[in-house]
Amino acid sequence: MKAVTVIPSVPESLRLRDVDKPKPNHGQVLLKPIRVGICGTDKEIIEGKYGKAPPGSQYLILGHEALAVVEELGDGVDNVAVGDVVVPTVRRPLDCNLPVDYCPMGHYVEHGIWGLHGHAAEYSVTDAKYLVKVPKELIDVAVLTEPLSVVEKGIDVALSVGGSRFEWRPRSALILGAGPIGLLSTMVLRLMGLLTTTVATRPPDSLKARLVRELGGVYVDSALSSIEGVFDLVVEATGSPQVMVDGLRHLAPNGVMVLLGVYPPGGVINDLGNVLTDSVLNNKVLVGSVNAGVKHFELGLRHMAEAKGRFGDWLSRLITKRATLDNYQEAYSWTHDDIKTVLEINPLN
């Protein structure tokens, strides 16, 4: 079968390989991927900055954002059936008894990222208990479930932490970044009734800006210093340390900032001491969140259905580029105007 692979730690080793078709073990299923989404993590792996091949393999099959059909059941599987359309979660625990999305590094593997082959192939295998069934009416956009699950968990964590202190009911939110995570954060928070302001670098006539406004949110294409006022909740989705610190300035007393970006090492942060002192004196909370479990995938699908009802084809317009396996290199190229690129693998019969 064909699979999109890299040799981890070797920059620009991306290639399409012919590899053996996998077989499901006990508790596993064989999947026939329909499509996979591509994100910044894939870019880092291709650049040799991250990633690990499974034991005994020189290469790693990419693809952690997947929509697939159940093709074959291994022994002991009774929660899904052949023909079900599903999305798989990403992480699998090793020697960790915590919810898998809270396991520390070294105690888990991740499909298409770390120690476990992904789904950018004609077939893949995964553990059945980490599959979430997709309703027929959401199949066209369900490839977005994985990034949406990250948003769902991040917002859930922020609300849980904020509400553990007193009855905290955020009314306003600042979203930093308008990539898939920033836009999906805006969508979820608008569905929850919050007033949102989304800040990014694209011009006000860009697709990203229009998508924000179509949700009823405010879009700002300038520096954070031009924004007045404070916000109960801040979602940081840029991966810029300076933007994160500047966002803290706009966090209201008793507010919560959730970090969904991944930050580069080093660098000098302007006025960090004053910003942190202000955070202490005003009981501001800063919390990081990564990955997601089954419950947040399920919540994401429920919000997808609600978004379709309220915002029409909004979700489908996040997919700005599609490519096939035979043209896989096009899928793994990036421009500033791309939002979500999808690799089409198998047709849905």
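From the backbone N, Cα and C atoms, a Cβ is placed for every residue, glycine too.
Given the structure is predicted, the values throughout are model-derived calculations rather than measurements.
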Pick from ASN283, ASN291, ASN327: which one does Swiss-Prot list with THR41, GLU110, GLU146 for the same substrate site?
ASN291
Fewest-neighbour residue among binding-site residues, criterion Cβ within 10 Å, set CYS39, ALA178, LEU260, VAL262:
VAL262
Please give the maximum pairwise Cα distance, in Å and rounded to a whole number, for the NADP(+)-binding set ALA178, GLY179, PRO180, ILE181, LEU260, GLY261, VAL262, SER289, VAL290, ASN291.
19
In sequence order, the binding-site residues (THR41, HIS64, GLU65, GLU110, ASN291) whose C-alpha falls within 10 A of PRO180 (NADP(+) binding site)
none
Taking 10 A as the limit, how many CB atoms besides its own sit near the CB of THR41 (substrate binding site)?
20
State the Cα to Cα distance, in Å, between THR41 (substrate binding site) and HIS64 (Zn(2+) binding site), rounded to an integer.
9
Near ASN291 (substrate binding site), how many other Cβ atoms are within 10 Å of its Cβ?
21
